[in-house]
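Undergrad: According to TrEMBL, the protein carries these features:
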REPEAT    183-217  repeat 'PPR'
REPEAT    218-248  repeat 'PPR'
REPEAT    252-286  repeat 'PPR'
REPEAT    287-321  repeat 'PPR'
REPEAT    322-356  repeat 'PPR'
REPEAT    357-391  repeat 'PPR'
REPEAT    392-426  repeat 'PPR'
REPEAT    427-461  repeat 'PPR'
REPEAT    534-568  repeat 'PPR'
REGION    614-647  region 'Disordered'
COMPBIAS  622-640  compositional bias 'Basic residues'
């Protein structure tokens, strides 16, 4: 539905220009300590990336201190944009064919210069393979050397792809060729990537490896390690590390705050209170960040009485609650559908002289939209604009998600138009919502149009975008288009373990539609592009073929699987043996069995588990046949007795 106040809305937006910049990120991306991950190397590199206000768990917004962009920066931005897009298109087209890629980049006329490489890496987004291809090519250009920011961006990209061996190789290359560019922040990035991959020991090892590269870890670096572990569910290991390293690194309030946050995040408030006690013993008084973390712990655990008591305690101790403090409580109330109480807290907040910010209003709008009260969400949107606050992409996203539940595509598109009129560019989350809803409603043309807009606006579609697009097309039976997008995802290097569910759905759908050759083409694309496939991925493909009666093809791929050093699971082996027995193909069965025996011996495994599984399947099958015969015999006896009684 079109809001009655849309004209008033647009007029107000023109009246109040953008007053601050907001970046749509997840809470876990930045620490409660306020450490940004994109700080640059300088004499005060520890301070260069600090966030100006605390983040709130569950929100996708964090406010950064902003400075007006100079005219020189604007000119450089315009200068780079055309070249970045040209390079990006070339990378997408040729990155799997190195000779043609080098030739295309050479003939593009683009001059590699300071600032351009980093922009290209950012443009590639999650497609790390594209970024790495350009990184390697740029390093070979005469008169050009990678800068600190480029190396750091590349470490972040490869770490996100979990190519940790390549990261260490790059750091080693820096030590030999550009040792002056090595900084503690480089290793902090690597620590965070290890922590996000749950590789706790590897993250801690980075701390010990730093001195070998001329970087001595200090309290700040140690704090970043604790922060990374606590944010990624390894608070127990972080607490043990903190106790072990107390003599090496002097504890700071930020160390305690990280542990407090980690325990609150896990819902273990007793441990959080213990950390608070240790903090006071060490001579540190809790500040607003500490209180907000504890407040968030109470709120997430549903202990609202304790949360309200803590608010009063903060006031008594002279630590006045800020917008973040109240927003944490409001968010918890919204999650429990206590919207009247949330409104009351908002009123109390404003009466106490604490102005609600964009995050507070976005939280309220999210709550009302979540419970189906979209009109109330629009009222709050108008209210925040009247107070001079500018909505963000996330603000609109919550309203759009409510419309998505009601399958109201036109309303979603109207919201996008309003965003664009006030200078807000829809982000990837907005486009993902539009694509998902379009596919659900069968509007495939609209779906493809939205995808093209992502590319036109210079946004790199990530894994989520591809998964939404592919799943939507598969559900609508557009298998050819789904295959094309899946191949594009592979070409960008975005296929990883979490996407194997999408792979399974696509392959099964193709085989159900008797498009065997198309399914083989998809698998061939995966193999030729160098994707690292584990046992699960191979099992998906082999079981899909087997379930559709393509037993010989399944066996052939099982042999390929073992040739690639991946051992089939006992279930897979038993299925193939059962299928080959029906086909009386003893030769192929013997070949597979011999390879499995050999691989089991190499891995010091017993073949009995494979043999036992096959024998158990045969016994269960024989038992089922025997039970079936018994049931049929009982039916015959019962039928005969019934007929005699009737006579």
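Cβ coordinates come from backbone N, Cα and C, glycine included.
Thinking about packing and proximity, how do these listed features fit into the structure?
TA: Secondary structure of the repeat 'PPR' (183-217), assigned with DSSP and counted as helix (H, G, I), strand (E, B) and coil, comes to 27 helix, 0 strand, 8 coil.
The list of residues near the repeat 'PPR' (218-248) in space but at least 6 beyond its ends in sequence, with Cβ under 8 angstroms from a Cβ of it, reads 28, 31, 33, 35, 46, 184, 187-188, 191-192, 194-196, 198, 200, 203-204, 206-207, 210, 254-255, 258-259, 261-263, 265-266, 271.
For the repeat 'PPR' (252-286), the mean pLDDT of the prediction comes to 92.
Taking H, G and I as helix, E and B as strand and the rest as coil, DSSP gives the repeat 'PPR' (322-356) the counts 26 helix, 0 strand, 9 coil.
In the repeat 'PPR' (427-461), the DSSP tally of helix, strand and coil residues is 26 helix, 0 strand, 9 coil.
Distant neighbours of the repeat 'PPR' (534-568): 497, 500, 503-504, 507-508, 511-512, 516, 519, 523, 526, 575-576, 579-580, 582-583, 585, 588, 591-592, 595-596, 599-600, 603; these residues of the same chain sit at least 6 beyond its ends, with a Cβ under 8 Å from one of its Cβ atoms.
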Undergrad: Please give the sequence-distant neighbours of the repeat 'PPR' (427-461): residues at least 6 beyond its ends with Cβ less than 8 Å from one of its Cβ atoms.
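TA: Counting only partners 6 or more residues beyond its ends, the repeat 'PPR' (427-461) has Cβ contacts under 8 Å with 24, 60, 81, 84-85, 123-127, 393-394, 396-397, 400-401, 404, 407, 409, 412-413, 416, 419, 468-469, 471-473, 475-476, 478, 481.
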Undergrad: How about long-range neighbours of the repeat 'PPR' (322-356): same chain, 6 or more residues beyond its ends, C-beta under 8 Å?
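TA: Answer is 53-54, 56-59, 288, 291-292, 295-296, 299-300, 302, 304, 307-308, 311, 314, 363-364, 366-368, 370-371, 373, 376, 384, 387.
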Undergrad: Provide the three-state DSSP residue tally for the repeat 'PPR' (218-248): helix first, then strand, then coil.
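TA: Grouping H, G, I as helix and E, B as strand yields 23 helix, 0 strand, 8 coil.
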